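**Student:** Got these off Swiss-Prot a minute ago, pasting:
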- 188: active site, proton donor (ACT_SITE)
- 257: active site, nucleophile (ACT_SITE)
- 31: N-linked glycosylation site (CARBOHYD)
- 358: N-linked glycosylation site (CARBOHYD)
- 396: N-linked glycosylation site (CARBOHYD)
- 469: N-linked glycosylation site (CARBOHYD)
- 525: N-linked glycosylation site (CARBOHYD)
- 583: N-linked glycosylation site (CARBOHYD)
- 1-29: signal peptide (SIGNAL)
C-alpha cells in the first residue's frame, strides 16, 4: 500500500473519530441552574467571561475567526442580541439569510466549544435603527412600544415565541445539548419604567412571565430591572458593576454590559477607554463576587446599510473593542484582557465556591480574599486611589499597587497580574491605499438626478409633514418642494441684495436647492438633533423653485416613547421682501419619497435602471445627486479592506449589490469652546464617554469596511450615490495592516 493511500486512510480515521467526539459532545444535555454564587452548568459551577459579537454587524465569512479570536482571548461565551427588525421586516414575514442567519452563528459558537448568551429582547437599543423594533409596528393601531397594551404585547410575544421555537427545533438550548445557557427578555427597561406609570410595572412583570412561560430550560435575565420578579435574574450594565447586587439574595451577580469603549457619531470625536481601566473594572467585579461578565462590545463590527440608529451613529460600530471593526485583535487591549482572564480563571473554583472576606489595608486600599476548607487562598488587592501609587502590606509581604489598580494573587502570595501593568504588545495600524483598478481600464458610468420631484408627486399638502411618518423608514430621503413667484418690483432685485431663507427642522439633515442649484446643507448632530438653517438666497423675478431634500441618519433607538420622535421640516420662511417675511410653512408643498435611483434600484448589479448613463474616464466633481458606477478588481493581498471616502461629501455605497452603508466624512468638532481633545489618555479614575476624546478637526469616519467575502475574483461593481458633491477620482480601497510593536 503506497504512502499516499496510508496517509489518506489515517486522516479519514482521525476525522471520523473527531466527528464522533464532537457529535457526542454537541448532544450532551446540560441543565443550567443558579444560586447566589454562580451558574451551574451540568454538574459544575462556572465563571463566565463573555464576548458580545452581533451577528448582523459582521458577515458569515468572518464569524468563525471572530469567535475563535474571542476564545483565544480567554472568553468562554459569546453574547448577542436578536435583531427583530432584521428578522421580521414585514408582519409575519421572516428572514434568516446572510448576516441574519442566527442559527448558523450559534452553531459556530457551539463548534468552538463555547457557551452562548442570547438576549432576545426583542427591544435591543444597541445604537441599532429603531432599537431593533420593526417600524411597521408603530403604525399598528393602539400600539405603544414597551408598554401594557395588547398590540405591542401580541407582536412581542409572537416574535419571541417564533425565535424560541426555531432555536428549540435546532436543539440549541443547553438542556438539548446546545450552547445557549442564558437568555434575556426586555432591555434596560428600569430606566424608563416609571415614565409609563403603573402600566410600566405591569408590562415589566408581564414580560418576565411571558419569557419564563417559553420553557427554554435556561435562566432568563432582565438587565437594569430593579423590580425584576423572582423568576428572572436582575443584572447590571455600566462602566463599573463591582458594587452591584441583584435585587434578591438568591441570584448570582451578573454584568451584562461592560463597555470597553463607546460608540461614535457622525461629526463626533473618537472616545477611548484605556485597557488598564477596563481590566480594573473586570477585576473589581470578580473580586467582589461577580460570576458572569460580558464585554459590550468585544467586537463591535459595522452598521451595514441603514441599520445604524441614534440618530447619527456612524457606519462603523468599532466601539474601540478588543477585536476591531475589521476582525483584528486591538493591542494592547485584547492582549491585556487575555492576561487578565487567565489570571482570574486560576482561581475560578475559589471565586464561586470559597468563603469571601473583605479587609481594609489602609486608606483607599482593600483586599478581597477567598479561602476554602483546605486552606487554599486567592486575593484581589485594590488601590482605589485615582492619583497615587501605594505600597500595601498583605500577609507580611509588601506589594506595589499603581493608582486605580487591582493585583491578583491566586495563591495569596504571588502577584500574577496587575490591571495597570500592561505587558501585552501593542499594535500599529495602517490603512494602505490602493487606487481603484479595472482589468479593462477604469471607466465610470455617471447618472445625475435633477433636484426635486421626479415623475409625479406622491402627494400634495398645504403643510409640512413629518418625515418619518411619511417615509415609514423605507428610505432616508424625502423631498419637500414648492415654488414662489417673485415680483420684478422687489427691492432686493434692484439693490442686488439677497433675501434670507430660514428653515427649522426636527432633524436630521437637509440639502437645499434653489432653482435646481445646490445652496447648502444644514444638520443636527448626535447631541442635538433639531437644527435651523439661515442662508442668503439668490432669487430671480418670476417663478423660483425651492427643493428641500430632508434626510434621516438612523432612527432613535432608546428612550421613553422614543417611537414618537419625529423628523423633518417644521417651518420655512424667506425674509427680505417688500412686504416683510414670506411664510411658506402652509404653502402648497409637493412630496416625493426617496430619490430616483433608489426606486430604479441602480445599486443592483447590472441594472441600468432604464436611465441614460454617461460613460467617462473622468467623472464630474462636486456634482450633487449623482450616481457613480465603476467595475473594479479586488485589492491585492488578504488584509481587511476599507473604502476611503475622504474625497466625497455624503451618501450611500454598495459593492456587488451589498450595502456598505452611509458614508459621511463629516469633520469632528467640539460641542463647546471648553471641549478638548487629548494626546494621551489617563486610565486613572472613573471613566465616562467624554473623558478621553481624540480626532478634533478630523473626519469622524473616513474608511468604510468592505468585507473581503463581498468581492468576486474580478468584475466587482462599486456604486456610489453622492448627495452633495465630491471627487470620485480620489476614492480608494485601503488595506488594513496591523503590525505588532
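Keep in mind that glycine also has a Cβ here, set from the backbone N, Cα and C atoms.
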**Student:** Have a look at the recorded positions 31, 188, 358 and say which one has the shortest Cα distance to residue 257 (active site, nucleophile).
**Tutor:** 188
**Student:** Check each residue in the chain of residue 583 (N-linked glycosylation site) that is at least six apart in sequence and keep those whose C-beta is under 8 Å from its C-beta; list them in sequence order.
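**Tutor:** Those within reach of residue 583 (N-linked glycosylation site), by Cβ under 8 Å and sequence separation of 6 or more, are 571, 572, 573.
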**Student:** Measuring CB to CB from residue 31 (N-linked glycosylation site), give everything in the same chain under 8 Å that is also at least six residues away in sequence.
**Tutor:** 41, 42, 174, 175, 217
**Student:** Using DSSP and collapsing to three states, where does residue 358 (N-linked glycosylation site) fall: helix, strand or coil?
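**Tutor:** It is in a strand.
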**Student:** Can you tell me the CA-to-CA distance separating residue 525 (N-linked glycosylation site) and residue 188 (active site, proton donor), as a whole number of Å?
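**Tutor:** Here the two Cα atoms are 24 Å apart.
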**Student:** Hey, of the active-site residues listed (188, 257), which one tops the CB count within 10 A?
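**Tutor:** Counting Cβ neighbours within 10 Å, the top one is 257.
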**Student:** What's the CA-CA gap between residue 396 (N-linked glycosylation site) and residue 358 (N-linked glycosylation site) in angstrom, rounded?
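**Tutor:** Computed Cα spacing between residue 396 (N-linked glycosylation site) and residue 358 (N-linked glycosylation site) is 17 Å.
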**Student:** Between residue 358 (N-linked glycosylation site) and residue 188 (active site, proton donor), find the distance joining the two CA atoms and give it rounded to the nearest Å.
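**Tutor:** Here the two Cα atoms lie 30 Å apart.
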**Student:** Identify, among the glycosylation sites 358, 396, 469, 525, the residue whose Cβ has the fewest other Cβ atoms within 10 Å in this structure.
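**Tutor:** Checked 358, 396, 469, 525; of these glycosylation sites, fewest Cβ neighbours within 10 Å: 396.
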**Student:** Can you tell me the CA-to-CA distance separating residue 188 (active site, proton donor) and residue 469 (N-linked glycosylation site), as a whole number of Å?
**Tutor:** 26
